[in-house]
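Peer 1: Handing you this structure, nothing more for now.
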Amino acid sequence: MYCVMQPLLAAAGRRPSLNPLHFFLLILSSVLIAAAGYIINDYFDLNIDRINKPERLIIQKIIKRRSAIAWHLVLSFIGVAIGFYLDFSTHVTLLGLSNLICVLLLFVYSISLKKKLLSGNIIISVLTAWTVLVVTWCEARFFLFNPGDANIHKIIRVTFLYTGFAFIISLIREAVKDMEDVEGDMRYGCKTMPIVWGFNAAKIYLAVWFIVLVLALIVVMIYMLQLRWWFAIAYSFVLIILPLINIFQKLFKASTPQDFHKLSTMVKLVMFTGILSMIFFKIYA
């Protein structure tokens, strides 16, 4: 979002609230909290992961189980501390508190919510979307004191676009992961979508979100046609929409954990190319 915010704020005669160093610290805090979340999730999922992905275990193979909690606490503390530091050293507010909430949600997800129908998927998708939204949140003071500025409406529209994309693509990936991990999840009493609804219903659920996402992206491309953002249009079609259609087609043929693992990897790549498309706002600004 920094690529989006900077030119739009410059057009309004304003600098971003976060200088490059502060922006780096914001990213670092998100990465540390995410890493802490992965560690605590793997800690509580060790038995399940021994079934679902024995070759990709982190706990015991890379990090000793006795050290996992310590690593989780240290990384979480640093991530939250950076948030409070940014609160006191910039005009940003409540960033430390929001980081603390993210840590708590990831912990609750790991011990409970991930085993419940849809709850875990929604939590992870909300947290993924927050990593996009937080950059706009850092400019909240500008929005409050300049409510009529036309650039604010542009920022809000673009924020809504990328936050929505991050949320939906994360929902898709989490559901695909549930289908990949069904064997271990079923053995340890998880109530994930493919276990409760069955694979066919889970695929229909995914198909709906694929259709919603592709249609939304087509609408965005039509808007870009009016702006004559030709490279952005080509990029979006080749690296976002076509891969989504390809994943959609492969979804209904997938039947093994290996199939769903490949789909999950493909979804991650689309997530990356989608977020990377923000660079075009910097290019065309």
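Cβ coordinates are placed from backbone N, Cα and C, and glycine is handled just like the others.
Checked TrEMBL, it gives:
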type: TRANSMEM; residues: 20-40; note: transmembrane segment
type: TRANSMEM; residues: 68-86; note: transmembrane segment
type: TRANSMEM; residues: 92-110; note: transmembrane segment
type: TRANSMEM; residues: 122-143; note: transmembrane segment
type: TRANSMEM; residues: 155-176; note: transmembrane segment
type: TRANSMEM; residues: 197-223; note: transmembrane segment
type: TRANSMEM; residues: 229-248; note: transmembrane segment
type: TRANSMEM; residues: 260-284; note: transmembrane segment
Peer 1: Give residue numbers and ranges for long-range contacts of the transmembrane segment (122-143): same chain, 6 or more residues beyond its ends, CB-CB under 8 A.
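Peer 2: Result: 1-2, 5, 9, 12, 14, 16-18, 26, 30, 90-93, 95, 98, 102, 105-106, 108-109, 113, 149, 152, 155-156, 159, 162-164, 166-168, 170-171, 174, 275.
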Peer 1: Going through 68-86, 155-176, 197-223, 229-248 one by one, which has the most CB pairs that fall under 8 Å from the transmembrane segment (20-40)?
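Peer 2: Per the Cβ under 8 Å count, 68-86.
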Peer 1: Who are the chain neighbours of the transmembrane segment (197-223) in space, where the CB to CB distance is under 8 Å and they lie at least 6 residues beyond its ends?
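Peer 2: Sequence-remote neighbours of the transmembrane segment (197-223) are 161, 164-165, 168-169, 171-172, 175-176, 178-179, 233, 236-237, 240-241, 244-245, 247-248, 251-252, 255.
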Peer 1: Using a Cβ cut-off under 8 Å, which residues of the same chain at least 6 positions beyond either end of the transmembrane segment (92-110) come close to it?
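Peer 2: Residues 17-18, 26, 29, 33, 36-37, 40-41, 43-45, 76, 79-86, 120, 123-124, 127, 130, 134, 137-138, 140-141 contact the transmembrane segment (92-110) from elsewhere in the chain.
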